[in-house]
């Protein structure tokens, strides 16, 4: 017998369903549920008098690896927001990996069940929650280990970068130089409940030192201007990368000492490269580093301190730059260096290039002119600002499927495509760029269950739960001495997944294939799940989800004005942002 229920009551009980819209935090962004995997009337929910009880929604089936056994964990009635869609579903987790996205329950009493709940199944309530893939930050200065706590509390589950601690080289550049430092950082990684990978230093005109670092366990190489990003170093680094299937990241030559942007592009020789600081102020060829956005072999990323362009951005950046790059405000040349790097015109253009999908990746530049805990937050602030200033975003026609959803989105008044474009910038696209998308970066079957649960009102600001390799690793938790878990003070605290042997069983360390073949993980006694990066050299910008546009770029060297496909890119700084004062005391 059917029982009618109105949408409001249904959403309160089981979360939104097809046709319902959800506001992301306090932004002007609205997403709409595109599909619901449930069978109406057969939804599963845990609690007193609810469905997941023996003989009802819970079966007597044991846990196991195959499709006909129960899952270890089920997230019920979750609203999934990912690059591939915005759907309502149950999520089944087995052995720390995403087993199935579909309908959970008891196959003995319910139809259309593909996620079996049994006595050995834990339940995480996803009703009224948005679930996203754990964020990936590929621009980490490993200056202090406390960054990892901040990252996890913000929803980041993978950190890629370089460094050895608060050394001068690390505070300025993202390199872990030499095999000894690489080995020590790999051993240190075992202590942290997060996925990690380290760049070797890529600045040399001879290949031997680069090969040594790759074989030691670097997952990639980093070229940084402070070490000399010359055309010779670029060419050598990319040549070695092609031999070993690892990615190269580059911070180009701000001062144009070793060559101009055209010389750097020529040194690329059409080989794929991940360009850091493809932006308005963070570094790289002044003033025209944004030119690289037009090339299909360039995977462009920007960092979060300029995101989005506000009335405070320029002033803040000058002070940050002087500290990060050891500049002296009493030396005129140092001041000129700072002024050339902080340009309002190119910062404004950076906003729009993100909205066009021409800048494909968002990252932090942690403690080196960027904030590790604000990658997600500032991505969505940028999306909000662009909706206010540029209006509804029409989707590009997908180059692989040729699917155009613009009519659907515009008629329904949702921001689904803009949401997919922006979430891809810190999830699947950095994973593709660094050869780890087969493990992480999206909510897809077979990938590591690195997931974040958000209350919609706190989306992008403060996650409710962070799941790492299928286990809760960080969560909003109240007073441990209270009679229940919710009394104040409630804040993000480490959970059981962040301790002991659970860390190694749920976290990955990414290295080169060469290091795997040389058995470096075994020699170092690593306890985490170690995996090689792959397919970093046979990709292009076209492989990056929803962020693959390559407009013809022109930057005026005197006025710093930016054009894309003949259109002047300019926008006003804002004085008020969402996801800001409303959520934080300081």
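Placement of Cβ uses the backbone N, Cα and C atoms for every residue, glycine included.
Keep in mind that this is a model prediction, so the values were computed, not measured.
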Listed in Swiss-Prot for the Ni(2+) 1 site shared with 139, 141, 222, one of 355, 365, 415: 365
One of 183, 251 listed by Swiss-Prot as binding Ni(2+) 2 at the site of 222, 277: 251
Other same-chain residues whose Cβ falls within 8 Å of the Cβ centroid of 139, 141, 222, 365, the recorded Ni(2+) 1 site, in sequence order: 140, 161, 162, 173, 174, 249, 251, 276, 303, 363, 364, 366, 368, 370
Residues flanking the Ni(2+) 2 site, with Cβ no more than 8 Å from the Cβ centroid of 222, 251, 277 and excluding those residues themselves: 139, 173, 174, 223, 224, 225, 229, 249, 250, 252, 275, 276, 283, 284
Site of maximum Cβ density within 10 Å, from binding-site residues 139, 141, 251, 277: 139
Listed binding-site residues (222, 224), ranked by Cβ neighbours within 10 Å, top entry: 222
Alpha-carbon spacing, residue 141 (Ni(2+) 1 binding site) to residue 224 (substrate binding site), which is rounded to whole Å: 12
